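Peer 1: Take this structure, written in structure tokens, and hold onto it; I'll ask about it next.
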Amino acid sequence: MQSDATQSLESIQKQKNYLVQLDGLRFIAVTLVMLDHWLGELNHLPLGYFGVNLFFVLSGFLITRILITSKQHDERLGRGHGHSLKAFFIRRSLRIFPIYYLTIIGLAIINFQSVRMAFGWLMTYTQNIWIVAHQTWLGAIDHLWSLAVEEQFYIFFPFLVLFIPGRFLLRTLFVLITASFLLRVMLFVTQAPWMAQFVLMPTCLDAFGLGGILAYLMVNQRERFNKLVTSNWLLILSFVLYAFNIYLMKILPGTTGNASRNMATDITDRFVTSLFCMFLIGRAVVGFGTPVKGLLTNRISVYLGQISYGLYLFHNLVFNYYHTQPTYITLRVWNKAATVLPFLASTPILKLCYFYGLTVLLATLSWFLIEKPINSLKDKFSY
């Protein structure tokens, strides 16, 4: 039987810690990634990159907040942190593993080429390392590199938060951010393969670290947190830095052998993108006002945010601009419909809606048949 203190903590987490506008941000993040992969060369903005970094910062924020509050709960109960560590890994596993492994194994069974080619790497969440080692992408499962990055982050980060003294946590987060930035500098200066700075977990730590700082301030320094995230000037400044970096990415000369690589793309892009995402998340925590509130909290946005994991997992399997062949089933169905209704061929927005609808259907089935029932088991493993 759970203790009253444990039940009280679970009740607080469920009733007060649910931040509805973050589901709206998840919806925006996954939609940007989907559009990036579906539009391909028709898109000239880093939509997917922004969406992925928004997920990274959000993960850093949520995981750090959970771990800090769990650590404080352990200390109030006078127990070690092994319980919280075990609960964290079990709950993360229940949320992430089932549909991921069912998808990978299912694709392997039907002989999906890129899955069969890197099956062992995919099963161990090391596909991002495979990408760097082979200097190539994985076709329609390219996007799974970011899930590998997140899983690798989850493996070591709980130990830092739970076992480093609390007074050192903030500076530890700053060290992670600085080290990640400097690593990208080193990779750029040494002309390491571009993919290394893009998909390896250590080069993404500034995104997670900025989310962690936001969580630290929210839990331990709420007044400072509120001042930081309610400042319109800081939000605007972070957006200006982000937009200016996009401009620099376009105008700075490229490196030898790769005209599209420069300091803005390889070094500063992830940091300024993540900084802007940090302020967006912070503002969503305290609550955007209208009209942004309406975008983030309407029933459709919240629902799509809740099933965003499935949307992310399946969208490239529905269609990918670079890898989906004309004979692929989703395109065959669309092309056949276009022969019956010719206006479809000249209405690209309807094609995007078709892909989006199929992805939502798959993610909805996944959510209600697999993810949500398994997710309910997390209640048996409270912090």
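Backbone N, Cα and C atoms are what each Cβ position is placed from, and that goes for glycine too.
TrEMBL annotations: computationally assigned, not manually curated.
Okay, so TrEMBL annotates it like this:
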DOMAIN    21-364  domain 'Acyltransferase 3'
TRANSMEM  47-68  transmembrane segment
TRANSMEM  99-123  transmembrane segment
TRANSMEM  168-189  transmembrane segment
TRANSMEM  195-219  transmembrane segment
TRANSMEM  231-251  transmembrane segment
TRANSMEM  271-290  transmembrane segment
TRANSMEM  302-322  transmembrane segment
TRANSMEM  349-370  transmembrane segment
Peer 1: Would the transmembrane segment (47-68) and the transmembrane segment (231-251) count as touching if the test is at least 3 Cβ pairs under 8 Å, pairs 6 or more apart?
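Peer 2: No, these stretches are not in contact.
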Peer 1: Could you tell me whether the transmembrane segment (99-123) and the transmembrane segment (195-219) are in contact, taking contact to mean 3+ Cβ pairs under 8 Å with a sequence separation of 6 or more?
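Peer 2: Contact absent: fewer than 3 Cβ pairs fall under 8 Å.
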